[in-house]
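According to Swiss-Prot, the intramembrane segment annotation covers 87-107, on the basis of sequence analysis. Per Swiss-Prot, the feature phosphotyrosine maps to TYR19, TYR27; the stated evidence is similarity to another entry. The phosphoserine annotation in Swiss-Prot covers SER20, SER23. Residues or ranges marked as topological domain 'Cytoplasmic' in Swiss-Prot (evidence: sequence analysis): 1-86, 108-162.
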Amino acid sequence: MGLETEKADVQLFMDDDSYSRHSGVDYADPEKFADAGGDRDPNQLNSHLKVGFEDVIAEPESTHSLDKVWICSHALFEVSKYVIYKFLTLFLAIPLAFAAGILFATLSCLHIWIVMPFVKTCLMVLPSVQTIWKSVTDVVIAPLCASVGRSFSSVSMQLSRD
C-alpha cells in the first residue's frame, strides 16, 4: 500500500556564446558534473535526515484509516516535503552557504593566526614559569606555611564539662 516515488533529475544547458569564460576563474567541464549527480553526502553526515512517511506517520493494526486517505496523505507528505525543500533551498541555500563559508574562513583564520601561536607561546614559556613558580613557592609560601603550622602546633585545647 505504498506509493512509488520518482527521482527528478535537473540539468542546465547553456550555450557557449552566452557563457563567458573571461572571468579569470577556471571552471571545470560542465559535462563532468552532469553525470556526477549521484551521492551528495558521501560521508553520510545527514543520514539521520532520511525520513520517510512510515517513519513519521504510523497506524497500528487496531486503528487504520481508509485506504484512499492513507494513500492521499502519503502522496501529500512526499510532495510537500519535496516542494517545500526545493523552495527553501532555492532561497536559503546560497545565502547560508555564503554565511557558512565566511564563518569557517573566519574560524580557520583565527585558529591559524591567533590561537595556535598563543598556545605555542604558552608552551614555550611554561618551563620558565614553572621554574619561577617553584622558586616563589620554595622562598615565600613554604616558609610561611611552615611557620603557621608551628604556631598552630603549640595550641592545645581542653574540653571540660562544668
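Backbone N, Cα and C define each Cβ position, glycine as well.
Per-class residue totals from DSSP over the topological domain 'Cytoplasmic' (108-162), listed helix then strand then coil: 46 helix, 0 strand, 9 coil. Taking the topological domain 'Cytoplasmic' (108-162) as a whole, pLDDT averages 92 in the prediction.
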